[in-house]
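Notes follow once the structure below has been shown.
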Amino acid sequence: MRTRTEIVSTTQTSATWRDYFQLCKPRVVLLMLLTAIVGMCLASPGIVSWRVFLFGNLGIALAASSAAAINHLLEHHLDKLMRRTYRRPIVQGKINRKNAAIFAAILCILSMIILIAFVNLLTALLTFITLIGYAGFYTLYLKHATPQNIVIGGLAGAAPPLLGWVAVTGHIDPPALILLLIIFLWTPPHFWALAIHRIDDYAKANIPMLPNTHGIIYTKINILLYTLLLTAISFLPFVIMTSGWIYFSSVCLLNLGFLYWAIRLLTSQRKEIPMRTFQYSIWYLMLLFTALLVDHYVYLALKLY
């Protein structure tokens, strides 16, 4: 019987638009766009200009998709070893590496043209730095160099709300940095929970994730510590009056949920808990940024009436 790797290496099929769409990691990009949109809306005292909203999000989405495609391209040899990633289009032979590289380059160029022409130069520059940071520094070096890869590399993934803010204002302000910091602190418990669930995959691919290098208990303790730190920092938008009581009450509930899962992860040996913690973390970030958005426009509406 042939192994999965042998089956993957001999499979050759033609690419469809769905394969290129998968190359872009659309679910990840959608979550990033949500945070970028919130950054835009919080930066605006009213309704965001349609021009900035449309072209800003389009440019950010194209850059994020380009970074995702580059990640697929550079890690195809590792993806075939991992259960979570072995069905990706390059691994399956649906898209060859040359076409993937061309596709990623086109997305990157289009992103820069759109952001420079229709938004502002600073947004384009920060977006490009983020792309290079993730696709280059993180994927090529950091991911394989240290178990703190997620912590350091998380800065690139945390950038979208800052990019959205700068798209509206043209400059960097403290509230935007707080939004970035929230995602930055959310990233380690999010990915380490997945890394515990997929510990065997990362071992096969020889990627030094924290559970593989320091053990599962050490990782669970770090997840709880980062969750506590995230809990504290998540109140800053309320403290500096960027948001109001709707956000405050929402984030209280969300933090209680995250702390519950972090503590349960630490105290339980059940195999499904790491994945359930990972899944909750996604809902946490989505709902936190949604609460910021709802809070902003409810209080804006109250001021008008």
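FYI, residue positions are counted from 1 along the chain as it appears here.
Heads up, the Cβ atoms here are built off N, Cα and C, so glycines get one too.
According to Swiss-Prot, the protein has these features:
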TRANSMEM  28-48  transmembrane segment
TRANSMEM  52-72  transmembrane segment
TRANSMEM  102-122  transmembrane segment
TRANSMEM  123-143  transmembrane segment
TRANSMEM  150-170  transmembrane segment
TRANSMEM  176-196  transmembrane segment
TRANSMEM  221-241  transmembrane segment
TRANSMEM  243-263  transmembrane segment
TRANSMEM  282-302  transmembrane segment
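Contact counts against the transmembrane segment (28-48), taken as Cβ pairs under 8 Å, peak for 150-170 among the stretches 123-143, 150-170, 176-196, 221-241, 282-302. As a quick check, the transmembrane segment (176-196) and the transmembrane segment (52-72) miss the bar of 3 or more Cβ pairs under 8 A, pairs 6 or more apart, so the two do not touch.
Same-chain residues lying 6+ beyond the ends of the transmembrane segment (123-143) with a Cβ under 8 Å from its Cβ atoms: 56, 59-60, 63-64, 66-67, 70-71, 74-75, 104, 108, 111-112, 115-116, 149, 152-153, 155-157, 159, 162-163, 166-167, 170, 207. For the transmembrane segment (150-170), the residues of the chain that approach it from at least six positions outside its boundaries are 32-33, 35-44, 48-49, 52, 56-57, 60, 64, 67, 115, 119-120, 122-123, 126-127, 130-131, 133-134, 137-138, 142-143, 176-177, 179-184, 187-188, 191-192, 195, 209-210, 289, judged by C-beta separation under 8 angstroms.
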